[in-house]
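Features reported for this protein in TrEMBL:
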{"type": "COMPBIAS", "residues": "111-120", "note": "compositional bias 'Polar residues'"}
{"type": "COMPBIAS", "residues": "121-132", "note": "compositional bias 'Basic and acidic residues'"}
{"type": "DOMAIN", "residues": "1-380", "note": "domain 'LRRC8 pannexin-like TM region'"}
{"type": "DOMAIN", "residues": "676-755", "note": "domain 'Disease resistance R13L4/SHOC-2-like LRR'"}
{"type": "REGION", "residues": "111-132", "note": "region 'Disordered'"}
{"type": "TRANSMEM", "residues": "27-47", "note": "transmembrane segment"}
{"type": "TRANSMEM", "residues": "160-180", "note": "transmembrane segment"}
{"type": "TRANSMEM", "residues": "362-384", "note": "transmembrane segment"}
Amino acid sequence: MFTLAEVASLSDIQPTYRILKPWWDVFMDYLAVVMLMVAIFAGTMQLTKDQVVCLPVLQSTVNSKVQPDTSGKADFTTVETTTGQEEASIRTVSFGAPTVPPDILLSRATSSQYQPTESGQELKKEQKDSSGRKTNLDFQQYVFINQMCYHLALPWYSKYFPYLVLIHTIILIVSSNFWFKYPKTCSKIEHFVSILGKCFESPWTTKALSETACEDSEENKQRLTGAQSLPKYVSTSSDEGSPSASTPMITKSGFKFSADKPMIEIPSVTILDKKDGEQAKALFEKVRKFRAHVEDSDLIYKLYVGQTVIKTVKFIFILCYTANFVNTISFEHICNPKVEHLIGYTQFECTHNMAYMLKKLLISYISLICVYGFICLYTLFWLFRIPLKEYSFEKVREESSFSDIPDVKNDFAFLLHMVDQYDQLYSKRFGVFLSEVSENKLRGISLNHEWTYEKLRQHVSRNAQDKQELHLFMLSGVPDAVFDLTDLDVLKLELIPEAKITAKISQMTNLQELHLYHCPAKVEQTAFSFLRDHLRCLHVKFTDVAEIPAWVYLLKTLRELYLIGNLNSENNKMIGLESLRELRHLKILHVKSNLTKIPPNITDVAPHLTKLVIHNDGTKLVVLNSLKKMTNVAELELQNCELERIPHAIFSLSNLQELDLKSNSIRTIEEIISFQHLKRLTCLKLWHNKIVSIPSSITHIKNLESLYLSNNKLETLPAAVFSLQKLRCLDVSYNSIAVIPVEIGLLQNLQHFHITGNKVDVLPKQLFKCVKLRTLSLGQNCITSIPDKVSQLLQLTYLELKGNCLDRLPATLGQCQLLRKSGLIVEDHLFDALPSEVKEVLNQDTSIPFANGI
């Protein structure tokens with residue numbers, strides 16, 4: 001027999017699980033407890049008091065009959081005489097005077113009237129025989145009959161009814177709580193209850209709901225005072241919606257911020273303990289992961305439906321078979337033990353002393369089962385009446401104004417439906433942790449606590465242009481204290497997905513350059529107005545073109561725009577470059593991408609551009625016809641575009657001054673003759689290509705001042721190069737040139753000459769007639785000696801000789817007044833071999849010659 005504690009442990013559920021038990025589950029649990037008590041009570045009584053009492057039924061030829069009265073007792077009112085043979089048989093089974101039944105005594109008395117002498121003799125003989133030890137065999141006989149008739153005459157249902165009730169109740173209890181015990185659902189339920197409790201008790205929940213309530217009241221006032229001002233509001237708090245080219249904001253349905261009025265601040269709400277903030281952030285992450293884990297299956301829902309169906313089927317089964325056996329529990333039973341050879345009787349009348357109580361308990365049990373079954377049917381009706389695998393937070397969104405709370409499905413939705421049966425306040429407070437708006441607000445509060453003005457000031461540095469620069473990397477947002485750095489010139493925001501630029505940026509009057517690296521920043525209306533009027537340079541780095549903020553294309557005073565990201569042919573149709581026509585003051589456009597053609601939309605700003613830079617990632621740039629429209633372009637860079645020849649469209653750019661075709665696949669430059677039409681071309685960069693020769697037609701570029709041909713495959717320098725009298729910089733490094741032509745002396749304006757990494761072994765004396773040389777790179781060649789005429793280069797400040805076959809340096813190096821040791825790149829042993837006075841001159845401070853007016 002089970003103890004009460006053992007049975008109760010089957011329904012032992014953690015107290016925290018009560019939020020997942022609706023009223024019908026609780027009611028059925030109580031019904032199960034009552035049924036369990038019925039089973040225990042009936043079983044206890046059966047073990048202690050259950051028995052039957054049997055009396056023999058007389059068999060006579062005169063139809064002796066036993067008629068029970070209304071109380072259930074036998075009333076022997078008619079007794080007739082028996083024959084002599086019957087008397088003898090009765091006498092043989094009598095067990096002494098004290099235990100002889102009355103009917104036997106009566107028959108004895110009747111028969112004695114006819115045979116007094118014989119009976120007297122028999123009595124004397126019996127009295128003589130009974131003088132021995134008494135064995136109570138007659139009592140044992142009736143105990144034996146009672147035991148036999150208990151098993152033979154008593155129906156099985158009367159004997160096992162309490163145990164059946166106990167088994168059925170245990171099955172029902174197990175079925176009710178199986179979803180709390182099954183491993184694959186128990187872990188999810190335990191995790192859900194744990195998160196739900198923490199979300200309910202989190203201080204951030206109360207603060208967020210209080211803040212939105214205040215915002216709702218303010219928004220309602222604004223709606224009542226003026227519906228006309230609605231278009232002035234822009235949403236920057238959620239990710240719904242898409243960029244629009246006609247407005248600088250991304251329209252959404254979250255919180256409303258005014259362009260004319262300051263944002264509402266609630267000091268009591270924004271103050272949050274750091275520990276509470278960290279716990280709230282951890283809860284957001286847990287909720288996100290739990291949702292992803294639970295929403296992909298409906299196992300909990302199916303298990304709950306399954307166990308409810310099992311309970312319903314169990315109820316029907318119990319009700320059906322119990323109704324058939326309810327009448328078998330009776331007080332009177334007829335028993336035929338078939339032991340007449342021992343006792344002389346074949347039939348016994350038995351009474352079951354527990355029948356009355358068991359029948360009452362059975363009726364009570366049937367009543368409980370009926371109530372239990374009706375509740376099961378109601379549960380099934382509730383399960384299939386509404387789609388429990390979908391849960392909408394529409395009401396929560398309306399009450400809390402967190403319009404971005406997503407609807408959930410599958411097991412996540414079912415658990416929330418169950419929680420609503422306990423208390424709908426749980427789901428309302430839980431929805432706060434499903435909202436990205438709420439998470440962003442929390443991040444903003446935590447961010448402002450961590451990044452104070454003093455900490456941000458420590459991260460401000462000076463860049464190469466001597467401007468104050470602040471670089472923020474991988475933060476959850478832009479700290480408010482950033483906008484208090486009023487003297488900041490450059491602001492870099494990198495990998496900040498929820499960056500928001502508020503109206504406080506108008507304090508940063510020195511800000512002219514902004515970098516957005518994988519940072520689709522949102523701006524308020526006032527902040528946009530400030531950026532539109534003050535921002536001069538903008539760098540945008542993105543993975544997909546959709547990350548480019550829409551307001552970028554409306555910065556009318558922008559001078560420089562740098563776009564770095566994927567702009568392949570598929571995304572070209574999506575790019576918002578058609579809005580570049582609004583950038584009327586744009587002068588420099590830098591595109592670093594993988595273009596196969598120059599987007600036609602760039603031609604919208606072509607008349608304004610003075611510099612166009614396209615850096616490809618090795619993708620071949622094919623279509624360049626749109627370049628012809630860029631008549632005002634002065635600088636053009638087409639780098640790493642897999643060009644094999646100089647594009648003909650370039651020859652139409654009459655205002656072109658600098659052309660850079662670095663890192664392409666150009667082998668021949670015969671088209672260079674067409675550059676004669678570009679009267680303003682002064683700088684030509686053809687470095688890092690595959691050029692093998694320079695055509696003599698290069699002489700037609702009369703105004704060329706800089707020529708870069710490094711990292712090619714040149715073997716000779718034609719004399720035509722040295723006819724460019726205005727040439728000031730010539731770079732032919734890293735080729736295969738063996739001889740420097742003597743015509744180099746014709747370049748009287750040459751200031752920078754680079755021939756590092758070639759095969760030169762002799763320096764012509766005419767080289768030192770270029771007295772304006774300031775930079776001379778001769779490293780990594782085969783030069784064996786430096787002529788003494790190097791002293792003629794009075795303006796020389798940089799001389800590279802390292803990597804040659806020199807055994808000494810000329811002492812005349814000391815006459816190069818502007819040359820110092822820092823500008824002399826040579827092996828240490830060669831420098832140490834110089835005369836001491838020469839070394840002293842080279843080691844002098846560079847400020848001394850300038851102090852003398854040189």
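Note: Cβ is positioned from N, Cα and C throughout, glycine not excepted.
Note that the structure is a prediction, hence the values are computed from the model and not measured.
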Taking a Cβ cut-off under 8 Å, which residues six or more beyond the ends of the transmembrane segment (362-384) line up next to it in the same chain? 24-25, 27-28, 31-32, 34-35, 38, 161, 165, 172, 304-305, 308-309, 311-312, 315-316, 318-319, 322-323, 326, 329
Segment-level pLDDT (mean, integer) for the domain 'LRRC8 pannexin-like TM region' (1-380): 67
Just give the helix, strand and coil counts over the domain 'Disease resistance R13L4/SHOC-2-like LRR' (676-755), going by DSSP. 17 helix, 12 strand, 51 coil
Report, as numbers and ranges, every residue of the chain located at least six residues beyond the transmembrane segment (27-47) whose Cβ falls under 8 Å of a Cβ in that stretch; write 'none' if there are none. 1, 4, 7, 11, 21, 159, 161-163, 165-166, 168-170, 172-173, 176, 311, 354, 357-358, 361, 364-365, 368-369, 371-372, 375-376
Using Cβ atoms and a strict cutoff of less than 8 Å, what residues sit near the transmembrane segment (160-180) while being 6 or more residues removed from its termini? 2, 7, 10-11, 13, 17, 20, 25, 28-29, 32, 35-36, 38-40, 42-43, 46, 186, 189, 300, 303-304, 307, 310-311, 314, 318, 329, 358, 361-362, 365, 372
